[in-house]
Structure formats: structure tokens, C-alpha cells
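What TrEMBL lists as active site, acyl-ester intermediate is S55. Residues or ranges marked as active site, proton acceptor in TrEMBL: K58. Per TrEMBL, the feature active site maps to S120. The substrate binding site feature in TrEMBL is assigned to K222. Annotation source TrEMBL lists domain 'Peptidase S11 D-Ala-D-Ala carboxypeptidase A C-terminal' at 278-368.
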Amino acid sequence: MAQSVPAPLPSAAGTPVQIPAAPVPTGASAWLVMDYANGQVLASQNADLRVEPASITKVMTSYVVAAEIKAGKIKPSDQVLISENAWRGGGGGTDGSTSFLPLGSTVALEDLERGMVIQSGNDAAIALAEHVAGSEQAFVELMNSYAKKIGMANSHFMNPHGLPDPNHYSTARDLALLGRAMVRDFPEAYAYNKIKEYTVNGIRQHNRNGLLWKDASVDGIKTGHTSAAGYCLLASAKRGEQRLISVVLGIQSDSQKQGFDLRENGNLALLNWGFRFFETRTLYTPDKTIAAPRLWKGADDTVALSVAAPFEITVPRGKFDALKANIDVPKYIVAPLKAGQPVGTLKISMDGKVVAQAPLVAKAAAEEAGFFGRLWDGFLMWWDKL
């Protein structure tokens, strides 16, 4: 049997503001804007519509490479051979974007990462895949495995570069989750996304994300375009302590310049809207005791409960005082408990609707009482249930 009781909330002064509808990106088949801190979706349209992600796929490739580096399986200094498969698949035999890597050459892995992220080189993506997993097919298995761990429930990858395939798809929601994971898990690798240009093989190459030039707060993430996918852009910006992620997909245009402008302006409008009308606050930290309910059969009478990680929430500006907090915990919390063991749930609501929740954990280990203490509490629990 569980019980729900109110919990204290920090006060926050502010005047509520009237929030207009989110600006709809012109021509987009799907779009979304998300708060980075907690993954809350502030606004969206067709967020779970399956679409071709085009070269935004390379964010998934970058994530896998960064994860394998962290695991110690590869190193940034590794020299990677540019195979015929990479050369042909990356531009030697197609009209896809390329980093102009010579067939049979060797390139440092970190330079391939830059070429893939900044110039969107398909050849670099394939070369990285082959180096990490031995083949594109084996690498794709890693991509799909990591995607599931991130929480991308409606995505499936067939290649590391994003060229069309009937079984290669994602959604606006999943791509935003991917962008969030990239920033959170691998900030050093993510930093490549804000580099505006670099030179390789004597060729100066520019980042295809035009937002880097339009707004100084933007530091990523990735563009994409194929005839089928249309013009796409996954973006992120940080202003002060707040970071937002936006994604605009499926813009069709016969004009490349217009396609670029529409995907950039659509994302920028969503980011500006999110920063203007929403704010993120930290409500609780692990060092703060939120509640101390009765502990049964324990050496102590109560157990201190807290969140396991900083608990942040994003709400319309001026609306923090409208939040209400409740904790759901079992009627009988019985020792022993380990430090960090989940005990209940913290729920934050606004206007009668739960808007965020997090596990409540024991701040410290709770030891059992002695024999007679356990016996007495056992009797009281039995009596209470009658």
C-alpha cells in the first residue's frame, strides 16, 4: 500500500507571462524543441513521424565512435585506412557529400571525425565505421544498440552516413534525444560541431550548419539533405545556464539556398521562442532531504529521502509558484536499506497534471534494529493491518 504526501518546494518569484503558440517552421514535415536539462518537450508537431534523417545520421555515428573511444577500444590518434568502399561510398562513385579523402591513404581518426561532423563527409563516416567495427554492417549493429540505450524507440539505422534506405529512419523526438545524449555523454566530441571551418588535404571546408554564423549561442549540431529527406537540421544552443535542442525535418525546396534558409530560420525561431518563454530551475539536489518518513524494523526511527541526481524542471516563465510537489512512498518502509536504494517517487504537478517525476532514494544506509526492535515493529505492523 502506498501513500502520497505533499513535499516542500523552493519558492520562486516571477510574474506569469502569456505564451504564444510555438512558431511553426515553414514547410517542415516534423519539428520539435526540447529542454536539454530534463528532456522535456516544449512544443512539437509530428514528433514521432518516421522520416529519413539524411546526414543527421552522422550524429549517431559520432556517438558510437566517442563511446568506443571512451571504452578504450580505439584511440583518436589511430591511423585509419581509406578503403575503396569508403572512397566510393563517400563520393568517389556517388554524388554524396565528401571529405575528399584519397583512396588508399591513412588519416588520423580524430581528423576523420572532424571531416564527418564539419563537412558531413560520407567517406569519413564509412572509414570510421570500418575501423571501429570491421565493416559497415557490424558498425550499424552498434548504432542500433546504442540508439536503444539512448531511448530512441522509433529509429533504425542501415548505414553510418544517412544515404537513403527503406529501413533507415528516425523521428524528430528520437533525434532530439540523440542530440541531448551527445552533449551530455561526450562533450569533447560534441565540441567538433561548433567548428566553423577546417582544412584537410589543402582544401578548406566549411561547416554546413549556417546557424553557427547567425547566432553565437548555437554550437551544433548537424544538417542533413537528400531528395527524399528534404532539408533537415538538428540544432542546439546555450544561453546562460539554459540549453535547448531543436530539430526541423522534411523541408522540400527546389532552391538550395531557400532550403538552407528555411531549416536554419525554422530552428532559430523555435530556439528563440523556447528561451523567451520558458526557464529551467533546479528544484532539488541529492544533498537536500525532501522527506523523512517512518522507518520500520530499523535502528533509526526515520529514513532521509532525496533525489539521486539534481532534479531540474522547465516551465513557462513566472509559473514556478504554480508547481506542487508530492511524494509517493510505501506505507511501510522496512529496514535494511542501502544508500541510494529507490524507496518512492517524487512527482511535480501543475494545474492538476503531473509534469515531471523522479525516484526518491535513501540518502544513507539504514540498518536493521535489534531482535526485539524488529519483533516489536513487526507486531505493530501486524496490528495496523487488522
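Each residue's number is its place along the chain shown, starting with 1.
Cβ coordinates come from backbone N, Cα and C, glycine included.
Note that TrEMBL annotation is computational and uncurated.
TrEMBL feature annotations superimposed on the structure.
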residue: S55; record: active site, acyl-ester intermediate; CB count, 10 Å: 26
residue: K58; record: active site, proton acceptor; CB count, 10 Å: 28
residue: S120; record: active site; CB count, 10 Å: 28
residue: K222; record: substrate binding site; CB count, 10 Å: 32
Counts by DSSP class (helix H/G/I, strand E/B, coil) across the domain 'Peptidase S11 D-Ala-D-Ala carboxypeptidase A C-terminal' (278-368): 3 helix, 54 strand, 34 coil
Alpha-carbon distance [the residue listed as 'active site, acyl-ester intermediate'; the residue listed as 'active site'] in Å: 7
Inter-residue Cα distance where the pair is the residue listed as 'active site, proton acceptor' and K222 (substrate binding site), in Å: 8
Averaged pLDDT, computed only over the residues in the domain 'Peptidase S11 D-Ala-D-Ala carboxypeptidase A C-terminal' (278-368): 93
For the residue listed as 'substrate binding site': DSSP state (helix, strand, coil): strand
